[in-house]
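> Have a look at this one.
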Amino acid sequence: MISSPYTPRYFNNCVIRPLPRERFHCCCCYAYVRAPLSISKNNNISKLVPPKEQPKEELSWETYNSLIQNHCSNGQVDHSMQILSEMEAVGMYPSTSSYSILIKCLAKVGRTVEAEAIFVEMKCFGLRLSIQEYNLLLRSFLKKCQLHLADKLLVEMGRDGVERNRETYILLLDCYAKAGRLEDSWWVLNEMKKKRIRLDGFVYCRVIKLYRDNGMWKKAMEVIMEMDEVGIRPDRRIYNAIIDTLGKFRQLENAVKLFEEMQHRGVKPDIVTWNALIKWHCRAGDLTRAIGFFEKMLEQGLYPDPKIFLAIISRLGEQGKWDEIRRLFNEMREKGHRQSGIIYAILVDIYGQYGRFRDAEECVAAIRSEGVALSASIFCALANAFAQHSLCDQTVKVLELMEAEGLEINLVMLNLLMNAFSNAGRYLEALAVFQHIKDTGISPDVITYTTLMKAFVRAKLYEKVPEIYKEMELAGCTPDRKAREIFHDASLIIQQKWGYV
């Protein structure tokens, strides 16, 4: 294999291989080159002597560890890996704390292969691994939806006698709930209760979202009563989760009442609260109320997520109300939100088809010129805007630009790309993205499977829908309402055409 300059020597013999990187010379390697001879016009032989290089002072073990930890603290993980390579080249190895911070930093930027290799190296050197190191690696796997690797790590924890703690269960619950894995989520909750781990606001928030995703909105309302019984006061996060749940199931009057109740209890709404109210009123077609919440939010000095602004202009665009789109944008700009205003302007132009920002590179260049920091959420909003227009090539371009910025392509972005191909009727490309997700070790979630089923329905390949639905269930994902509706409609068509499902 090709070695990396930032990779310890053990990686070369490890089963887990890091991705190749450009090779640099180690600073401990020196070459002595004799100076060439030359004859001058006076036939004097002169020796061209290069400036002498002073040998670098050998660093101590403590200094190496300090450098590794300092570079990691500053987000310079490549520098830390280079120091590690130099350290091992002189026969020294880092401390446990240095190894831990390296795993943490590598996991944070999505370099799970190298993080796992360092973890394995620690075990081979006989270092005692604490629950902290296991949780760091587990977080890395779950963040990238690599559930098979996470399961193997949990088995390894049990084999090594490392007992799972609260953080372990919280990480698992967070991942399983987001992926729509109902049975796995209930298993985590039951394990927490068995071990008498106290449930807090974060856990209850995840429970509410589980109810939301499985159509049990009345159960979500009961969570507040249960929290009162155990003496936990519902915070803003809980209210936001229930308002979002009620909105999803068209219980908008109850959502507005709960919105008023939270303010009466002294809980101040945040951007998440306003976004939920705007989004679900838009989805229900109540644009008047959605715009009312939008304007109240601006009065509070808050500004919508680009995806929420896109939801508003999508509805207005469908009704041909371009003047209203311009009015809202100008009102927002007058409120002083200038720095990221370019993002909303681009979304207006993409959806309004004014023709100015129809190219992904132009969009990104315009945002950068305004001094706005490019983040994953911005790229996600742009990809979503292009995907809704079935502009597949531009959606792909957004992902390429995101990768060029050093941001990791995650499952959310790949789902958006599938959606773009689905909307354009290009089911083969959507299927290729789905296969890529599985080939890279990422576990598809409910949205992934549902988007693929939608692509097959648009292509009138109804017989493929039950296959994907069954695969989703076998993968441990609980179908949500939308997935069940697609499956039901496809099954009826199959029954009518061929007499079986």
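Backbone N, Cα and C define each Cβ position, glycine as well.
All TrEMBL annotations are machine predictions without curation.
Since this is a predicted model, take the numbers as computed values, not measurements.
From TrEMBL, here are the annotated features:
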- 188-296: domain 'Pentatricopeptide repeat-containing protein-mitochondrial' (DOMAIN)
- 60-94: repeat 'PPR' (REPEAT)
- 95-129: repeat 'PPR' (REPEAT)
- 165-199: repeat 'PPR' (REPEAT)
- 200-234: repeat 'PPR' (REPEAT)
- 235-269: repeat 'PPR' (REPEAT)
- 270-304: repeat 'PPR' (REPEAT)
- 305-339: repeat 'PPR' (REPEAT)
- 410-444: repeat 'PPR' (REPEAT)
- 445-479: repeat 'PPR' (REPEAT)
> Report the DSSP secondary-structure composition of the repeat 'PPR' (305-339) as helix, strand and coil residue counts.
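Summed over the repeat 'PPR' (305-339), the classes give 26 helix, 0 strand, 9 coil.
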> Give the residue counts of the repeat 'PPR' (60-94) per reduced DSSP state, in the order helix, strand, coil.
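So the repeat 'PPR' (60-94) is made up of 26 helix, 0 strand, 9 coil.
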> With DSSP as the yardstick, break the repeat 'PPR' (235-269) down into helix, strand and coil residue counts.
26 helix, 0 strand, 9 coil
> According to DSSP, how is the repeat 'PPR' (95-129) divided among helix, strand and coil residues?
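Final tally across the stretch: 26 helix, 0 strand, 9 coil.
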